[in-house]
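Undergrad: Per TrEMBL, the features are:
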type     : residues : note
DOMAIN   : 48-507   : domain 'Amino acid permease/ SLC12A'
TRANSMEM : 48-67    : transmembrane segment
TRANSMEM : 79-103   : transmembrane segment
TRANSMEM : 115-137  : transmembrane segment
TRANSMEM : 157-178  : transmembrane segment
TRANSMEM : 190-208  : transmembrane segment
TRANSMEM : 238-258  : transmembrane segment
TRANSMEM : 278-297  : transmembrane segment
TRANSMEM : 317-341  : transmembrane segment
TRANSMEM : 376-396  : transmembrane segment
TRANSMEM : 402-430  : transmembrane segment
TRANSMEM : 451-472  : transmembrane segment
TRANSMEM : 478-499  : transmembrane segment
Amino acid sequence: MSITAAYDAQPSKTVDVGAYGVQDNVQHGDFVTENEERDLRRGLAQRHIQMIALAGAIGTGLFIGLGSSLQTGGPLGALLGYAFVGLIVCAVQFALGEVTALLPVTGSFVRHAEFLVDPALGFAVGWNIVYGNWLSIPAEISAICVLFQYWTDINSSLFIVIFIILTFVVGIAFVGIYGEVEFFFALLKILLVVGLIILGLCIDLGGVPGTPRIGFRYWSKPGPWVEHIATGSWGNFLGFWSVMINAVFSFAGVESIAMAAAETRNPRQNIPKACKRVFARVSLFYILTVLIVGMLVSSDDERLQDESGTAAQSPFVIAASAAGIKAIPSIVNAVVITSAWSSSNQALLAGTRVLYSLALKKQAPAIFLRTTSWGVPYMCVLLQTAFMFLAFMSLSSGALTVFYWMVDLVGCGVLISWSCVLVNHLRLLAAMKKQGIARTELPWHNKWTPYSSAIGLAACLLILLTNGFSVFTHGGWSASSFVSSYLDIPLILVAYLGWKYVKGTKFVALEDIPIRAALDEIRDNPETPEPTRKGWKGVVMKMLWE
């Protein structure tokens, strides 16, 4: 029985939506993939989707932002904070892999929310992601302008125009070209991270001529912890908690791995593999990097407070400068520029595909369903390109301050997205239990996910509600900080309740979720097994992509 047939049996007013579609009224989420099968092109391979997620997660937060975490929490507080958030990311990635293997659709967890929870939730989370990406791309371009100031005083408007054009060209090109571009830049980032880790170890162990061995000197003095806001153990805990909040935004982007599922070859095979690999690699890179940084730079080093926004504030640059290595600042600055642009490309993919998925569900104007002959939703790309011109606000320092404050308003959207992924997964498990379907029937599953999703959801909600805790401390009140930390929560609630009221949506009953029909679709339309390479090439490919 197909998903469509499963809904045909329900007593509701239906609308025919095609071979892969679901016939339903507004009381149920339905997945319309006929448009995707007809209009989109599967141009992304296993290596592409892994690198897209890596490119989104490894950015300026890793190369420059770690200095702030070290200064706030100390070397041990920073390490524990990133490790804890890494475990949350593990829960999110495994939950996303299980659900996407069953339902590989454009828009990923946004569409999953309609199908498994409530169409109004998909609407609210979807638009939250769209407007978040509208703001994040000009923010990245603005950051690029600041980074170029490390080398030259040329007017920033030139760089803004150049990177708007480059981002548009990559976004409007065939998705396979986008995949190759992101593959290259993600590989560049990985090589830099590995190189910096090796360099950091050499500096720390005294391997650079003329420099003494550092070891864990800074873990003893000034110490492994930093007192933040308060004193004593409570101050140490608050420092750790502040690091953990920063870590969430450093890991942001890993959830985008399934946004273009309908443009991925063999998504039921490749996306779960990518989810596992990306989690392991990102967590390993971040945790190793945080450990090395905590060994190289003292948490009370004044250079960590550099507000230039360039490579000068990078802990690796600080350590390399102290060791007399002059080329490192320019190398780091160059790669951070490519990282910022790569992150803007990733945001373009996520924002346009979610907007396309909203249009599929009539939650956005139908004009955004238009695609090029090579399968790119060009109206979505054009709209997002229009918002890139907000980057010209960076030409005014006052406007730039306001603009970054605007970006902070949607920062907790990352936690909302992760929470949505975990809620979707828990609802899927509950529906399977209700319908007597064993988890072993899923295309991919892990025995720990029922526990990890529940714990991860609790952790996400806790961080979401406390991410602006400093404004509630004595003398710490700031209206702008309060608004930027919490405004996204009422915005999501208003969007959810408003759509629910206007359209009269209801929670999808567990027994009405056609899981059996989805499993039958998988059985009746199996994916072609991925070809396996033999010999040493096969071993290398398996290590890298499987």
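Keep in mind that glycine also has a Cβ here, set from the backbone N, Cα and C atoms.
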Undergrad: Take a look at 79-103, 190-208, 317-341, 451-472, 478-499 and tell me which one has the most Cβ pairs under 8 Å to the transmembrane segment (157-178).
TA: 317-341
Undergrad: For the transmembrane segment (190-208), I need the partner stretch with the highest count of C-beta pairs below 8 angstroms, choosing only from 115-137, 317-341, 451-472.
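TA: That would be 317-341.
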Undergrad: Decide whether the stretches the transmembrane segment (115-137) and the transmembrane segment (478-499) have at least 3 CB pairs under 8 angstroms, with pairs required to be 6 or more apart in sequence.
TA: yes
Undergrad: What stretch, picked from 278-297, 317-341, 478-499, has the most CB pairs under 8 A with the transmembrane segment (238-258)?
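TA: By the under-8 Å Cβ criterion, the transmembrane segment (238-258) pairs most with 278-297.
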Undergrad: Select the range from 79-103, 317-341, 376-396, 451-472 that forms the most Cβ-Cβ pairs under 8 Å with the transmembrane segment (278-297).
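TA: Answer is 79-103, with the largest number of Cβ pairs below 8 Å.
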Undergrad: Six or more residues beyond either end and a Cβ under 8 Å away: which residues meet both conditions relative to the transmembrane segment (451-472)?
TA: 84, 87-88, 90-92, 94-95, 229, 238, 241-242, 244-245, 248, 411-412, 415-416, 418-419, 422-423, 425-426, 429, 478, 481-482, 484-486, 489
Undergrad: Please give the sequence-distant neighbours of the transmembrane segment (317-341): residues at least 6 beyond its ends with Cβ less than 8 Å from one of its Cβ atoms.
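TA: Residues 55, 58-60, 63-64, 67, 140-141, 143-144, 147-148, 150-151, 163, 166-167, 185, 188-189, 192, 196, 199-200, 203, 208, 210-211, 296-297, 301, 303-304, 310-311.
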